[in-house]
Amino acid sequence: MGDPSKQDILTIFKRLRSVPTNKVCFDCGAKNPSWASITYGVFLCIDCSGSHRSLGVHLSFIRSTELDSNWSWFQLRCMQVGGNANASSFFHQHGCDTNDTNAKYNSRAAQLYRERIKALASQATRKHGTDLWLDSCVVPPSSPPPKEEDFFASHASPEVSSTGWASAQPEPSLTPRNVDAPAASSEGVPEQGPSVEGLNVPTKAAVGEVSSIIKKKPNQAKRGLGAKKGSLGAQKLSNTCFNEIEKQAQAVDKMNAQEDLLSRAAPKEESIVSSLRLAYKDLEIQMKKDEKMNMSGKKKAESERLGMGFGNSRSGISHSVTSDMQTIEQETPITAKPRKKYGDDSDDSYFTSSSRFFDEPMELRSSSFSSWDDSSDSYWKKETIKDTDPIPKNTGYTDRPTTRRKPDSEPAENTDEAQKKFGNVKAISSDMYFGRQAKADYEARARLERLSASSSISSADLFDEQRKQTAGSYNLTSVLPTAPDMAQFKQGVRSVAGKLSVFANGVMTSIQDRYGS
């Protein structure tokens, strides 16, 4: 017997899961279980299937009804002869109503049900073989099962269903009334009561009422689902209505979007207008200031570049040098000495580079600095000479004096001579190769001969090192050989102060020469 195909497995489980009792989990009652316990033939959810796996395969064997495709015919027969309804009734009959998984499936009732499912599945496998359906199972209908009624499909053709329902509904109501009327008339004729006309009046009214009800029901049926279900009457809307409503909604959305854009653009325009007004006011104020100052040419450009209180300031409050500047006329003006080098330069030479001012000699400077010519100039010349001496140089090997430098030994002139000299030696050093070893040995022998008469020697004496000074002999010059004294420090401070004052005087003089005249 071969294994069932994938299509057979899907067909069988589709039918088994259509049973209402199999649509919920056997243990917890969760909807749409997709796992199954073959041992008991019940359907489980994924959480309960994990609990069954922890019990072991000897108590419960778990398979997926959707993912697993290696089902056997015996396992399918277990699911067909079992089911949630059969298992629930069997456990209830044997008094096993607990919800504890371990206690429930380790009980005597679970053991009996396992044996029963196994026996029934073996019998069904031998009897039916590879047939999809058993005699005990409900044979699937030849026609497809009725589908659930679609809401929109019922709207598409409401007249047919409603008219059929309406035509079938009033027939039972007509039959008893028609039967009662002849009975009443037949009973009235032989008896011949005292007043037959009075009896005919209510019957006509009743017939009229029946006819009115019959006429109203088809009209109510045309209203769609409202008449069919007996609830509020819902009217069918055509496709054109939906299109019109959608167009109206789109038009409303467009209008709202335009209103939002207009509302957003209005404050922006107001801010732009206000900023333009402020800009025009600033320009007017600036023009008035320019007219008052009567500045033109290089002076105006220079003042704007320096930012001397003009309209370029960020805040509303600013200090203006040019606005407070006044022209002072001297009674006996002194003509300034011509400056050839500084006159040729651009007007902003003092602000672009300051090193050129200090590089010039003292004789070329203004007469206002004559007090510095005698003292500072001579001192600077001496200071430059002094400063060059204490600056230590990073002397290399070639800058050392010749007395301390060891002459480089000449390399061997001929390689054959080196081979003859060191041919039998196993290892040689660079000193031996270049002839330095003999000189070192000579110096060592000389030191040993000099110290041979002494009773004790030290490593400093042996290697000709200078003795270290005692603790009491340390002084400032030995610890800091290049430390400056107070006189040099004072002279340095004076020189720096003199340079700063000269620079400040030069700046002020240049400003007065350019903007004061």
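Residue numbers in this text run from 1 along the chain shown.
Cβ coordinates come from backbone N, Cα and C, glycine included.
Predicted, not measured: the structure shown is a model, and the values here were computed from it.
Annotation source Swiss-Prot lists domain 'Arf-GAP' at 10-126, citing sequence analysis. Per Swiss-Prot, the feature compositional bias 'Polar residues' maps to 159-176, 312-333. Feature annotation from Swiss-Prot assigns phosphoserine to Ser231, Ser271, Ser275, Ser371, Ser429, Ser452, Ser454, Ser456, Ser458, Ser459. Here Swiss-Prot flags 243-263 as coiled coil. Annotation source Swiss-Prot lists compositional bias 'Basic and acidic residues' at 291-305, 379-390.
Positions of Swiss-Prot features highlighted on the structure.
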residue : record        : CB count, 10 Å
Ser271  : phosphoserine : 10
Ser275  : phosphoserine : 10
Ser429  : phosphoserine : 9
Ser452  : phosphoserine : 8
Ser454  : phosphoserine : 9
Ser456  : phosphoserine : 6
Ser458  : phosphoserine : 11
Ser459  : phosphoserine : 7
For the coiled coil (243-263), distant same-chain residues with Cβ under 8 A (at least six beyond the ends): none
Euclidean distance between Cα atoms of Ser275 (phosphoserine) and Ser454 (phosphoserine), Å: 102
Whole-number Å value for how far Ser452 (phosphoserine) lies from Ser459 (phosphoserine) (Cα to Cα): 14
Secondary structure of Ser452 (phosphoserine) (DSSP, helix/strand/coil): coil
Mean predicted confidence [pLDDT] for the domain 'Arf-GAP' (10-126): 88
Integer Å distance between the CA atoms belonging to Ser458 (phosphoserine) and Ser271 (phosphoserine): 94
Cα proximity to Ser452 (phosphoserine), best match among modified residues Ser275, Ser429, Ser458: Ser458
Ser456 (phosphoserine) versus Ser429 (phosphoserine) - Cα distance in angstrom: 32
